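Take a look at the structure below.
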């Protein structure tokens, strides 16, 4: 469903969300929309924030950026961390500046946690503590991640049932919260959802950082939000695109890009930047842990899994208009039904 903007145009400025799985054609559609609408693009991609990671993240080309500049890309060094809270702060500032000039913020990407953080805000869980995380990492190296999962099972059985022992990021977060607050992380889920022990199995990331999944909190974002999700109707079409794009990245020099990152000497495969899909598999291959064919197969498979997770989030998303085609006219026709064209004069 697209909101009827006619009753709100005097109070809330519009913004457009263009969401979708990787390789669905979001960038091309966004650039086309900028030709017709007074839009300015804000990237919603947790990998594109990093400088020097261009090929493997499918960043817009210099030619595309000249046509439609993107905000929130190339803003971090790969050695740094960039959180959903950081994104929310930066995106809100960019949206305010864009709408203040009478233009429309167009948020484009597939990092669904970022979209959710923007719509619903962050949970009241504590921020990450780097010193404590380093301590937990040392314990894991000494005793194994299985020992940490056993600790979680003892202190927070609800969380242990949902967090797989191999999901190191979520396991570390759960242990971190317990040690920072002396409370099980599941107690935060319960207080936010209003229930006890009832958590869907859709992914632990739904709960480790955010408020309850389907809470009616979108009014907290001071915009009239028009939400679109772009994805092929046939999963096989998306899978084919993913494979072709991964192979094209390799031809474009993706492995040389990762070699340059490894040669810096200050990066490791445990950093969030190097855990990005494709980079993690390339690091393993260049470290001699995989043969080339296995690397390619794992890179494609990991990208497909990413797309599957993105689609899982989107299928639960409220008030979203699904697009099977990257035809900008479909978006424009939908926006016209809301009355938006009377304010911004587009056909």
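Positions of Cβ are set from backbone N, Cα and C atoms, glycine also.
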For the feature region 'Interaction with substrate tRNA' as recorded in Swiss-Prot, pick the matching range from 164-168, 169-173, 174-178.
169-173
Any idea which of 275-280, 281-286, 287-292, 293-298 is down as region 'Interaction with substrate tRNA' in Swiss-Prot?
275-280
What is the number of residues in the region 'Interaction with substrate tRNA' (169-173) that are helix, strand and coil, as DSSP sees it?
5 helix, 0 strand, 0 coil
Would you list the other residues of this chain near ATP - those whose C-beta lies within 8 angstroms of the C-beta centroid of 20, 21, 22, 23, 24, 25, 26, 27 - in sequence order?
110, 230, 231
For residue 25 (ATP binding site), write down the residues of its own chain that are at least 6 apart in sequence and whose Cβ falls under 8 Å from its Cβ; none is a fine answer.
230, 326
List which of the binding-site residues 21, 23, 26 have their Cα within 10 Å of the Cα of residue 111 (site 'Interaction with substrate tRNA'), in sequence order.
21
Largest tally of Cβ atoms lying within 10 Å of a Cβ, found at which of the recorded positions 21, 27, 133:
21
Per DSSP, what is the residue tally for the region 'Interaction with substrate tRNA' (275-280) in helix, strand and coil?
3 helix, 0 strand, 3 coil
